[in-house]
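Pulled from Swiss-Prot, these are the features on record:
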- Asp469: active site (ACT_SITE)
- Glu472: active site (ACT_SITE)
- Asp568: active site, proton donor (ACT_SITE)
- 112-123: compositional bias 'Pro residues' (COMPBIAS)
- 106-142: region 'Disordered' (REGION)
- 1-28: signal peptide (SIGNAL)
Amino acid sequence: MERSKLPRYICPTLAVVLPLVLCMVVEGATTSKNDNQGEAIGYGYQVKNAKVDNSTGKSLTALLQLIRNSPVYGPDIHFLSFTASFEEDDTLRIRFTDANNRRWEIPNEVLPRPPPPPSPPPLSSLQHLPKPIPQNQPTTTVLSHPHSDLAFTLFHTTPFGFTIYRKSTHDVLFDATPIPSNPTTFLIYKDQYLQLSSSLPAQQAHLYGLGEHTKPTFQLAHNQILTLWNADIASFNRDLNLYGSHPFYMDVRSSPMVGSTHGVFLLNSNGMDVEYTGDRITYKVIGGIIDLYIFAGRTPEMVLDQYTKLIGRPAPMPYWAFGFHQCRWGYRDVNEIETVVDKYAEARIPLEVMWTDIDYMDAFKDFTLDPVHFPLDKMQQFVTKLHRNGQRYVPILDPGINTNKSYGTFIRGMQSNVFIKRNGNPYLGSVWPGPVYYPDFLDPAARSFWVDEIKRFRDILPIDGIWIDMNEASNFITSAPTPGSTLDNPPYKINNSGGRVPINSKTIPATAMHYGNVTEYNAHNLYGFLESQATREALVRPATRGPFLLSRSTFAGSGKYTAHWTGDNAARWDDLQYSIPTMLNFGLFGMPMIGADICGFAESTTEELCCRWIQLGAFYPFSRDHSARDTTHQELYLWESVAASARTVLGLRYELLPYYYTLMYDANLRGSPIARPLSFTFPDDVATYGISSQFLIGRGIMVSPVLQPGSSIVNAYSPRGNWVSLSNYTSSVSVSAGTYVSLSAPPDHINVHIHEGNIVAMQGEAMTTQAARSTPFHLLVVMSDHVASTGELFLDNGIEMDIGGPGGKWTLVRFFAESGINNLTISSEVVNRGYAMSQRWVMDKITILGLKRRVKIKEYTVQKDAGAIKVKGLGRRTSSHNQGGFFVSVISDLRQLVGQAFKLELEFEGATR
């Protein structure tokens, strides 16, 4: 809230009373002018009536009346229906709609959600409107529920306003009380211009999200415009609207309660600018409705649990998707991709999935194979060989269907009438195959068509997943606007491409029509989302195979269907660093399976850059090397230094595969990211809020990469506690409070540390995930003097679509470790043990880190069906050695079945009985 405007309030104890009652001096009409029009953008609304539903106490409805019309950006809508409702105890929904006319909003069948409470009756059925509230008697209407910490206050001022705050702290989370002299703070509601603004405490609010944009920092910088309009703009361009739209932000407060976090989501698919100045956030939307959700949190994990409960939990990914992937645009033929696979094997670098870009197609047409360079028989042999080796194959698809009249896919599409139309005919665009029509994925017939085409292709070539690209949708031409149309040329110009470029530029025109008489203007940002839905539907048939899908264009909720990569980055050191904020942002957007093109896509990479990039990229949730044609090849085996680093870091990644897969299970269960900012684990450490060069995998493994050329030192932030290096377990960082430390990082090394209090189940290194899954488990236990150590391991067949669901083909193991004065206990609990027992998975070794004394086995018991059985220690070896002030103890030759609960008691050397 702007302190300079405080005279408009007449409450003497503003700081205390504001969340409960706002006393506003109502001034005359605003004199703030729009720079271009010479008149105010709008004058706001006043409350005509407001009522809390006393039967539930969970909703409030009101009718709002326009104060005065303004012609800027078109005429205002005169009457608005307003509702505020508790969707859940921790989720408050705020909705403004036209009281008399239905407006576009995302269909419930596209993004399922609970219905809002009934709106006030339309004006035609209102017999008597209440008289205007006298301006000298401002009142409030409060919505509060005993089960929620959130409360809503509606201010009957002129113009009206509202706040959402925490009852426990009186911290205002969303403050839409207007400044009477400033129309940019008013609610404005026109057909093609909607405005909603909230003041923010600039020094206490730390905002993240509102993508997709490439930025150097994870935390949003002040004084910027964030535009949401899906566009085929290379991601090496900073601060421009890119492939996806995610109108969600998370706000972590540094006071009054440090680390208190909430989320804000505007459910709207139309183009928009979000202006963020630090002390204010303002939405400027060119259509739809205002449908705002506030998630109470109050931790970051709780916010994402609440957010993904609404938009959809992240899809489970097959186990093999966590392996290493290789791709390039420009592979000449099937012989070249076979050679690439062979050379990875010769170099002993793990390779899980081979990809092909558009090169494999016949003249770039979907669902075809180049008969000369990628003939069907050779491709079938190639995929068969991959599968025999435990490897996979994923090709690319673009949505544009070439209009060649002899092309079977086009013929069937025309017969089914499935393409987007303009002026009554299929809209003709142009992409890689030349002239194309675009399937209308809002049309059930188009979804069926797409599913059938994928089935036809999979029937001849057993692909393992699909990569969908160019689905913003991209168009190589810009069609002329329809004369006089305010859709192709809206009155408010969003900051498209950073220069208010027309929204028709290089995409489907806004006047094109979808199924159900929906305009492209309204549905544009949903195109990639809808294609992801249809493509995943195709991939779940047959249902016995876990689907994998990667999409460039995304929207809120896309994580329910697809993974994502950061798009066309460049082989630049800046892009290496930018990949971290983008990865962390997509974790917030409910898309935890995220990564960047390792070594860079555009431009030619260098040996040093590629070496440092694979060191970082090995820890992306989605880890893929991808490059553009006409650039230097960058397969990891081409430089010995890169190959050596790849063997090391991918070896560690494959050891950590059970950990990554367990994190994916948690993401599907609660919406938690796989790659996380340091602030997620350390929300009370304000210094972590601005860190964009390090990240966590899960809650306890910290990655601190080299991001500058020629550097052999990393100035890394170390939150409080003990951190042990995962490269050798022998070096550690111990700090009582968070501080920056200098870490050695020679060219072949990346710093990866595990924090005290964590237990991680690992398996052995291997060339494929299939081979890694057959190796014994190794339990890594990091002890803490302050908390018990814990960890989890989720196990299933690696391709389940209903992960952890009914049917019993899964096991969850929880691990615990705690030390006393003379002893230490490590134990496990097993949920649904039958599946793990049937697989006969074995844990062979336990490594204990962070000990201050040597230990030896005192007692070892396992849980049998008949009860706990004491096991003699014969055959089990315990070794300890001191490194860096801590002992490392290894208990080997355990042969412990993972599906069997156990308890291991260890005695400290020199302990008295």
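Just so it is clear, glycine is given a Cβ too, placed from its N, Cα and C backbone atoms.
Asp568 (active site, proton donor) counts 23 other C-beta atoms within 10 Å of its own C-beta, drawing on all protein chains shown. Of the recorded residues, Asp469 (active site) and the residue listed as 'active site, proton donor' place their C-alpha atoms 11 Å from one another. The separation of Asp568 (active site, proton donor) from Glu472 (active site), Cα to Cα, is 14 Å. The candidate set comprises the active-site residues Asp469, Glu472. Of these, Glu472 has the most other Cβ atoms within 10 Å.
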